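Copied from TrEMBL, the annotated features are:
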DOMAIN    47-106  domain 'Transposase Tc1-like'
DOMAIN    112-255  domain 'Tc1-like transposase DDE'
């Protein structure tokens, strides 16, 4: 027992002395990437955030595996993230969005009816790898621009109000001005009257598509002065809360029984109607409309560019 005690005592003394310092200096493996190579890697990914760690390694001809590249990026604060997908914005679009947000920031959105068309496509876009710093999701270099492609599956039109969703109807793939006027007359006005009989005047939102700007449509609104049409900001689906209802339809566009995405028009129509009706009697639409001031504030804070909505 005494001998064991002596060994422990000697070890403790040596652990605090030169032997311990010698061990500490020699422990660990030498880093594969030099400090200069790490800086080059950081600069490369900040300039080209999209792309895999393998592509960065090959472009810089780094003498390491892609896993080493991933670890090095994590160490300098760049992490792999799913990019935000937004429509492309020019500086002119951003300035017009900024002016719209400033002009309408104090508007009462509680009596506004939001409408929109949704075109469902069979193509389900892929996700590019993205490496970025924290809290930079919506900076222009980190946003993936939406590109429209794929065969049109089905087109729908709907409207919503702070009190709940309105009607959801199917449209032709290439809706004409005459068809849109029929929807406004036979669907919008009738459903608003049926759901909100005391609503004698309201404000209406639709985007700047060519159909909405057609002479026939403008004349229809001009003959009904009790409907105020907001001159909507260009390239601004993030400001229309009905987009969140469309997003819910897309998120749940899944065949639970078979485990694959629903593709047929009939199945999609039934699914969209089911999800749409689910919002009735809930406060989802009320909360979405209540978010309008925050959406506009985000546009102002981002100088007209993308928001988190």
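Each residue, glycine too, has its Cβ placed from N, Cα and C.
For the domain 'Transposase Tc1-like' (47-106), DSSP puts the residue distribution at 33 helix, 7 strand, 20 coil. Confidence in the domain 'Transposase Tc1-like' (47-106), given as mean pLDDT, stands at 84.
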